[in-house]
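Here is the structure we will look at, set down as structure tokens.
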Amino acid sequence: MSHQHTVPVTVPAVVQESLKTVCSPAQTQQEQTKQPTPYPAQCQVFTDTQEKGFPKHEEKEANPVKDLPEQESEHHQQPGPQKQQLQVKKPEQELQEQELHSEKQPQEPQGLLCLGQQQQREPQEQEQHLRQHQQPQQESQGQGLCLGQQQDVLAPQELHMGQHQKEKLQEPELPLGQQQKTPEEQELILGEKQQKLHLVERHQEPQEQELHHGQKQKQQQPQEQELQLVQHQKQKQHEPELCLRKQQQQESHERELHLGKQQQQESHEPELHLGKQQHQESHEPELHLGKQQHQESCEPELHLGEQQHQEQQQHQESCEPELHLGKQQHQETQESELQLGKQQKPHEPDMVLDPKEKQKLHDPELHLGKQQHQESQESELQVEKKQHEKSPEPELHLGKQQELHEPDMTEDQKEKQSLHEPELHLGKQQESHEPDMTEDQKEKQSLYEPELHLGKQQEQQIEYEGYQRSKSLNQLLKQEKASRGQELDDSHLEQEKELLDQRLDQELVNKDEQLERKKHKLENLTQKEKQIKQLVPSTDRVQETQPIQPVKEDSLTTKKQQHSHEVQ
């Protein structure tokens, strides 16, 4: 009896439909007739209050558990009119119960199949229900109501079980076979109830988990949005700071590069400037020395030739004894050897110079030695420039100084001076006749004179030492120098002549071109004048212009002749 009343209470509507399809109509009629006892008054009151108390929940939710109170009410209403019939037909019902109990055993596997289908359908319906109701509060309320309904359903079941037990105690007429079967039936009913409760709990657990996940997701979404907003704000705050830092770093790097470039340029500029100055200074004295050597190489040869000619005349005119002449000749040979030896030391072996010119070259060296201890490097460079640019002192000044500052000289030296006097005279004449000497050279000579006064004594000592050493060398080199000097002089003269000829030719060509232009202009003028004469009668002005034309041509020819004479 208890089993007949518990099945329609716990099984939902979906399972009832499946059971109806599986079970035959004869069985359903038997089950309806097997309900002799109605629900007690307490169960009926609870169902009424349950229907009145939760109308909203039945409207909102589509949970399969909401159909349970309606089913219970239907079952409660069914036994009302059947009460009298069941009381009349008790012995018939007992027989039917025995038959049902025998048939119940094969129907139990069908009930298990229905439960498996129910388990598969229930989670799908629950998922649809959760998708429709997204708000967590409504879902929590629905769960609470469902649990309350289940508890309410279990309470009348327990009451109903108690009533069944009382009825069984009051019915002593039941056969012994039935009484032995009742505890077994009770055990089966309890096992089924436990299974159903366990299934309901299993269905509720995924619902609670899904709700919990939904709540977590909803809580996490605003938190993630807040975190994103905070990160975005932080990035916005940090971006200007990063930009400023980058700009500052770039500016500092650019300044460092700019300063490095300036320092490099400043360090290179003085080096380049010094290099240029040194290069110019090194080239200027070389050019100046080359010019001096070329001039000096030409002058001493002429000077030596004139000396030899004058010495021969003096020997013929003198009536002194032969010993005196021998001494003079010996001294003259020694002097010539000294001159040649001294010229070799400062200059190349091909160049021929006088001893006085050698002294002039030694004087700046001594002067530089003194200045190196007194002045700095800059003054040394300036002095070197001056020394290279200065021209040699004239020969007259040296001769006069030697006469004044050498009173202790022997008679032989006096005779040498008397022989040098005509050379000095010739030097004067050469200086007077040299057109190439400029005012700048004279100023340099005047600046060069005080330096010679300082190194006179040292030069005398050097002359005596060089005199002894140069005797053996000069005799061998005289002939070679003479031949080489002539060849060099000839080559230099030829080169100079060629250069002068080229310049003159160019000048003549330019002048010829200018003359031709002037002639063309004159011809044009004459043609214009003729045209004017034809149109206008002749006047005094036109007559004056005609005799002037040949005069211009004459002046041009005279200028050409003068220029050619100057070139020659």
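Any Cβ shown, glycine's included, is placed from N, Cα and C.
Taken straight from Swiss-Prot:
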type     : residues : note
REGION   : 23-499   : region 'Disordered'
COMPBIAS : 25-36    : compositional bias 'Low complexity'
COMPBIAS : 78-88    : compositional bias 'Low complexity'
COMPBIAS : 89-106   : compositional bias 'Basic and acidic residues'
COMPBIAS : 107-121  : compositional bias 'Low complexity'
COMPBIAS : 133-154  : compositional bias 'Low complexity'
COMPBIAS : 172-181  : compositional bias 'Low complexity'
COMPBIAS : 217-232  : compositional bias 'Low complexity'
COMPBIAS : 266-333  : compositional bias 'Basic and acidic residues'
COMPBIAS : 345-456  : compositional bias 'Basic and acidic residues'
COMPBIAS : 457-467  : compositional bias 'Low complexity'
MOD_RES  : Ser472   : phosphoserine
COMPBIAS : 517-532  : compositional bias 'Basic and acidic residues'
REGION   : 517-568  : region 'Disordered'
COMPBIAS : 551-568  : compositional bias 'Basic and acidic residues'
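Every protein chain shown contributes to the tally, and the Cβ of Ser472 (phosphoserine) ends up with 10 other Cβ atoms within 10 Å.
Secondary structure of the compositional bias 'Basic and acidic residues' (517-532) per DSSP (helix as H, G, I; strand as E, B; remaining residues coil): 16 helix, 0 strand, 0 coil.
For the compositional bias 'Low complexity' (457-467), the DSSP-based tally of helix, strand and coil residues reads 11 helix, 0 strand, 0 coil.
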